[in-house]
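Features reported for this protein in Swiss-Prot:
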type	residues	note
BINDING	LYS28, 33-37, LEU52, SER56, 95-97, 201-203, 229-231	GTP binding site
COMPBIAS	1120-1133	compositional bias 'Low complexity'
COMPBIAS	1186-1200	compositional bias 'Polar residues'
COMPBIAS	1441-1462	compositional bias 'Pro residues'
DOMAIN	270-327	domain 'FF 1'
DOMAIN	484-549	domain 'FF 3'
Amino acid sequence: MMMARKQDVRVPTYSISVVGLSGTEKEKGQCGVGKSCLCNRFVRPSADDFHLDHTSVLSTSDFGGRVVNNDHFLYWGESGQMPEDCVDFKVHVVEQTEFIDDQTFQPHRSTALQPYIKRAASCKLASAEKLMYFCTDQLGLEQDFEQKQMPEGKLLIDGFLLCIDVSRGMNRNFDDQLKFVSNLYTQMAKTKKPMVMVLTKCDEGVERYIRDAHSFALNKKNLQVVETSARSNVNVDLAFTTLVQLIDKSRGKSKIIPYFEALKQQSQLIAAAKDKYEWLVSRVVKSHNETWINVNRRMQSSIEYQDYVHLEGTDKAKKLFHQHVQRLKQEHIERRRKNYLSALPRALESLVPELDEIDRLSWVKVSNLLESKAEFLKVFIVLEETPWEFTNHIDSIDERIPYDLLETVSAAEVYASYLEKLRNARKKEEMKRSFKDNLITSPFITPGKPWEEARSFIMSEEFYQWLEEPVYMEIYSRHQKEIIDKAKEEFQELLLEYSELFYELELDAKPSKEKMGVIQDVLGEEQRFKALQKLQAERDALILKHIHFVYHPTKDTCPSNPSCVDTKIEHILCSRCTYPYDRLQKDPNVDRINLVILGRDGLARELANEIRALCTNDDKYVIDGKMYELSLRPIEGNVRLPVNSFQTSTFQPHGCLCLYNSKESLSYVVESIEKSRESSLGRKENHLINLPLTLILVNRRGDTSSETAHSLIQHGQQVASKLQCVFLDAASTGLGYGRNINEKQISLILRGLLESKRNLNLVGSTPSIKDLTDCELRIVMCLMCADLFNIEDVLNALKPHTYRPSQCGLGGSVLLDLPIGSQKRRLELMMLSYHSSFNVRKTRLVHGYMIFYAAKRRASLAMLRAFLCEVQDIVPVQIVALTEGPLTFLENVAREQLQEGEEIAQDIEGKFLILPQGQTQPKFDVFYPFFKDVLEKKVIIEASHMYDNTAEACSTTEEVFSSPRAGSPLCNSHLPDSEEDPEPSPQHLLFREEPNISVPTKFTRELEETENLHFIPMINPLESKFNNKVPPPLKPKPPIPYEISKPELSYLDTGSRDGHRKSLTSINWPPLEAFDPSDYAEPMDSVVKPRNQEENIYSVPHDSTQGKIITIRNTNKPQSNGSGNGSDSDMDTNSLERARKASIVTKPVLYRTKCAKLGKFSSYRSSLSVGSDDELGPIQRKEVETGTQGTKGDNTTNSYEADVEDPRKRNILRSLRRTTKKVKPKPRPSLTKATWESNYFGYPLSSVVTSERPIPVFIEKCVEYIEATGMTTEGIYRVSGNKSEMDSLQRQFDQDHNLDLVEKDFTVNTVAGALKSFFSELPDPLVPYNMQTELVEAYKINDLEQKLQAMKELLKKFPKENHEIFKYVISHLNRVSQHHHVNLMTSENLSICFWPTLMRPDFTTMDALTATRTYQTIIELFIHQCPFFFYQRLPVDLPTPSSPSTPPLTQPSPPQSPPLTPVSPSLSLLPAEHNIL
């Protein structure tokens, strides 16, 4: 409706006349009442179009111009409005005024000569071509403004705005103005036109004037008053709109808003517009270098800009822009200033870093000092104009600091802070040094003492003032590391000083509790032992590590590694000797790989042909860019036959590929491996025990999806797991038809064999007397690792110009041509460390020893004593004491050790020499007496060595089951890491076909009868000991029964054993003249003949101290020859006695028997047997019966005497004959122990659990039964149950998973043992191997809270099945430990019983041996803190020392008794009642 009216009806137009006080200055004062400003603001409201100055004093020309047009009124134009009633209208505005002549200051004469009051009330205005008025500047320049004429030159006035100025006008009286307005109102009232009174200049209004104006309006009828301010644009439109509404009665009336309320609304509108404009400016203007012209052009189209300019004008908008730019500039300057000030400390640090240089200087002097520094211009810049913030430098990319900045207060404050920092740093360093000194001097700070215990002894208020707690802890941690490392070094030195004790105890890889207790007792009073009392685990680890070094001495296990003497000597000799690497190049074993291929039905030959096809023409194979000679030995028949033997005199295997394509061929592989390993037990070199195996499934068709193939794969994996070998499914790799294996797999296998070959040191053989063809004498020079002497000085005395590398010796061997006696002789000098010399002492022929020791080091002399204890007195010894200077300057310790060394030399009738270091070296002639003595005893030494080797080679080799360290714990070490015993003679490679062996084994029968294969580990002593499953012994030949327990096989697990060393002290030497070949009985299996033809002749030593031998003959068989050798008459005791009395050559003894200073710990050798209860299994602890020993015929006697051509040497050899005690052959356990096949036990966890039932049924039943009936059983899990009952329980459960344990009436210990057996038989331990290392690292964290949290996080990484079962078992053990007052099973005791079962570490590595203590404490921690780890509870409070519960977590299980923590997991589980699981 409204829109239609807008379209149909013309917009109404009204003419309004604005009137008010006008006239000369006398009448109106110096300024008008604001009529022009009111009209200007209404017609042109924009701030830029509003002008405050509108003069009424005009020149005649201006008055006559077209704008004024000789009239006393101005036409302001028209303005369109949209009032509240939404009806548009137009208003023509006319201002009635009175122009004054600028010459006469009188009103201009116009066409209307009426006075202003009459003229202003006129309703008809006419002025032809009169132009619209803008401002005063328009007059005379009309062409520069818009020219718009008054419509039709005439207007009819519709209403009047009566203006009253309520400001304090100059030279104007308000009352006079009010009288004038009153008259004017009276005149206008006559016109009957609407009228509104407008109060102008209210922004400067006077309250009285406003009040009077309102009073005036009240006296008039219907005279409305509007308060306005044209300058502030307040109520201007309201005044005109109100008048229009009076003119047009149809329009609604607007509310008259008081001035101050309207001003508030206008101010809010302006403020909002200003905020928006400022936001626009901040968004557009980002740089202080912006100009208004550019910015104004970019903002023209923005509504925010337009609104603000309309309200406030461009000038104010520009002003705000400049304010913003100035603010940006200041911010930029402040940023630069801040950067300069932040860089100033660094500048000071680079130019004046020392406090002493500036400590007492003022800032001004320091500023001058900086200018004199050479690096000044790199940091500062001197500007030509200052200050820098008013120069262009503020926009420069130069980062240097303006030099005039240093004159500011801020720079002085920075300097003061820098100076204070230096002073504080100096003070903190002083406090740190003081704190460190306090730690060093404090007697309360011992290795391993926690910070919480130490702080009360060392802290003071001054320390707390200057240093923070983390700083103390860091210093304390570093100090602890230093003193711990020092204590460990000193403790290691202590262990070396007690070398005699370790060698006398004959320790092996798993020492007994008894022997460990001896070590504790002997070392317990030493201060260096007590220093590690808070680090018992580390101390135990050091002892175990040292035992490992004694048991397996190499360069890697040497405590001085990498500064081992062997390494140093090799480097020195390589640089001195000519062609040092030639002999390595000539060694045929260095680049040779011997590979056995085992497989029946042609599999071995086919694979050998395939591999040869991949080789070059000369059987060379390239691996990683290096050429290797590949020697293949395919075997398809009975491995007991010599033709199918794994090892021959010329072929020593480095690995074996086992091929199968059926159950029968797999059975053949297993049976062959078993036979080979059994036969190797009797060999001095039992490398076949640890021969690397690879089991390969051959399937030419590549079919792996069939049921048969899947079954073969599963069986192969089980066999590989039990044999601890690699399983390779060659068919699954996508081979082509007709091929068994690809080149990539061959390379992978050969790389593994090379690594095993290096680790097992299977290259090189022990030289015998025949190795001495290029030299006449072999001398061993023994040097102590870590002795403070220069090896170069020692070697300088050996005529280095004569060095030549030995062709058959070791890395430290050289040849010397020396004049000894009447001619020049060739001598091989082996320069070795003591630990390498121990092996040489037994395994190689040595004519003499040159033993060096440092006079000031006790450990050096102790090692010398330990070494000499086992040397025969027929071997000459040269003792050389190394000193650091003249004797007069030596310390007391060095003097004492020099004296002791000289006394030892006198007692053993050896040579003694003092060799000062760093001085002129003595000539080689000083060793001439020693070499002469060696030459004189050469014959007797070689004869003795020949007899030792022959006797050992002919003895029953099953002695391997006794302690491998009978004579010396170093006999099985590798020297240096590469030496082995000689290749066995051909007679060792002959096997006899026994009826009981040729018959298929039980395992073979089971393999043929069933599809499922289940094997027990063959050489895993740890697992077998935990399960306590000892197989029934096989009956060997001869018929005297012997048994061997599975734990004894641990001696065969390590690859470091090269044979059993016999103690020289246990050998009885018969007199020379009483010698008869028949007096010596040796096994007939050492003779080269088939075993099925040998005689069952054995001899048993009887009263060996008297040299008597009783011969036992086999009466069922005739002698192999017709001689009378070996008859009873030949063994007449009286003849032996007479022969002893007539003896010329006495038997050799050990030096320990000739010198009281040697063997001071020998009492432990007799009091502690090697096969003590802790070291042997329960079966071997039985009394070992003496085996029989048969005599040999003349043919056997001559077999080893015929090689000795020298009659003199032969006679001496006869004189050195001695009885050899034979240990009875012991059967090796069969691979097939199990008598029943389980479909539950021994399977992976994933196959016995489900998502609905994550705990195996068997575990649930056992735990429920134990918790219901056995929580108070004393020693539960420690006391083992009956083995047969445990097997019965497992067998019955296999048949019925719903077995009721209560109904069957099993004992608690039986159920507990079966529970542990379940975990022991798992293919992988419950705690995965890959998590065990991470758990050990987490346990090493010192902070308890962090340790627990780290271990808790690691639990989340467990496989789901393992985690759930581990949680279940640990929770059960935690509940068991809560009854420890009754069952005596604390969390510590439970952890000792369970950690080997749950973790099953590999005890063939030193890391596992030394980590056993940590493993146990980890399981103990899990049990003790079970609520925290699994049930989101807080950690359990640490128990007090007196509490019977678990010990503190920081050291969960410190030993409470003198013996150290045992290493072997099986030993740690031995109960008090009996030593079985």
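These residue numbers are counts, starting from 1, taken along the chain as shown.
Glycine is no exception: its Cβ is also placed from the backbone N, Cα and C atoms.
Neighbours of ALA230 (GTP binding site), defined as other CB atoms within 10 A of its CB across all chains, total 26. Each residue in the domain 'FF 1' (270-327) has a pLDDT score, and their mean in this model is 91. Of all the binding-site residues given, namely LEU52, CYS202, the one with the smallest number of surrounding CB atoms inside 10 A is LEU52. Ranking the binding-site residues LYS28, LYS35 by how many Cβ atoms sit within 10 Å of each one's Cβ puts LYS35 at the top. According to DSSP, the secondary structure content of the domain 'FF 1' (270-327) in residues is 47 helix, 0 strand, 11 coil. Look at the domain 'FF 3' (484-549): DSSP puts its residues at 49 helix, 0 strand, 17 coil. The Cβ of GLN96 (GTP binding site) has 24 neighbouring Cβ atoms from other residues within 10 Å, across all protein chains displayed. Under DSSP, LYS28 (GTP binding site) is assigned to a helix (H, G or I) in the three-state scheme.
Secondary structure at LYS35 (GTP binding site), taken from DSSP and collapsed to helix, strand or coil, is helix.
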